[in-house]
């Protein structure tokens, strides 16, 4: 990124710089002695890793969040999660509208880029919707979790229950996966149905995307209250998100039930009903969130491979989730089916997809795959003497978790070397912004179109 371009940064550069600034400020705060229960600084590298994981809504941790951090440290972490999930520019724009200040074109363009919108128009309304839906969903989630913590077998005071309810509602909706109630994430609560179900719902809503949430809200309101004679129909984007998400959800449940049913380290000891509950939770959390109700290190190799694939796919566009996104998977699937049928156009639900959609899906998938492969390669050498003795599947699982901003681990995160922590933190950062956004930001240009039509020549493919 050229220094001269920072005087007039592009939208991708503003996004990159805002995330980098939040992470550095968070790392400085978390490295203070007041943030640790021991009263001693955790060290800048561990603080940087934690701040990156929180702000990039991942959930990988090098220390236990519940026992290591003070109230100050936990407030810093949940603030980073909220700002990282919604985006600093979204929160800043929301505050500016409350103060009745004018929103500049640059800010509108930055919001457009961060939410992958096709037009710069209506960005202020989009921000208001994002903040409204986030407040409503997180608020309801916090109330439900507070009731579960207070009336359940947690033995918390009412004030503790409120604090834990707010923390986990934000962490779940933002798909972060940080928890402050368990020594081993949520494994000790794997038979607590109400807790897991509420967290699943928050994770699913956060992973659908704000565009889909808004369309569904209008869709159901019109059909329930008949607010308009002309009913709104769901867009192709929303249909693809819902169908792909449902397919991945059911696929994950069936696969994990089949692979882990008799595994004594995961589902084996549980009752059939709790096996179904935890397989469902695993299918949801492995795509976006990072809460563990099962010991990920105890998964079979096939389950780890499937889990890595789900983490690579991630959630949906304009959401708090990472990965290549469900839309990219849908576009690639349609492209493959069209090629097998010998069709020139990409058609689904009686709509033709533009070529640019396929190009973008390929670019997003390809660059994220390269990021995962490079990170695995570096970790293979940097963690050669790691006491965890990670196998290649552990490295793929850990890296997919970081690049897809998921946050589950087979257990190697706390044992990472300083080099491994920095590399994985960088992987989380790039994965959250997307490799394409980072590349465009470093290049300093959004588009390069010279309006030159070159002669076409055929090549042999396959």
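Every residue, even glycine, has its Cβ placed from backbone N, Cα and C.
TrEMBL annotations:
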TRANSMEM  12-32  transmembrane segment
TRANSMEM  44-63  transmembrane segment
TRANSMEM  75-99  transmembrane segment
TRANSMEM  133-152  transmembrane segment
TRANSMEM  195-220  transmembrane segment
TRANSMEM  240-259  transmembrane segment
TRANSMEM  320-340  transmembrane segment
TRANSMEM  361-381  transmembrane segment
TRANSMEM  422-442  transmembrane segment
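Spatially, the transmembrane segment (422-442) is adjacent to the transmembrane segment (12-32); three or more Cβ-Cβ distances between them are under 8 Å for residues at least 6 apart in sequence. Scored on C-beta pairs under 8 angstroms, the neighbour of the transmembrane segment (320-340) with the top count among 75-99, 240-259, 361-381 is 361-381.
Residues 14-15, 18-19, 21-23, 26, 29-30, 35, 50-51, 54-57, 65, 69, 107, 110-111, 114-115, 123-124, 127-128, 130-131, 134, 166-167, 170-171, 173-176, 178, 206, 320, 432 of the same chain, all 6+ positions outside the transmembrane segment (75-99), place their C-beta atoms under 8 angstroms from a C-beta of that stretch.
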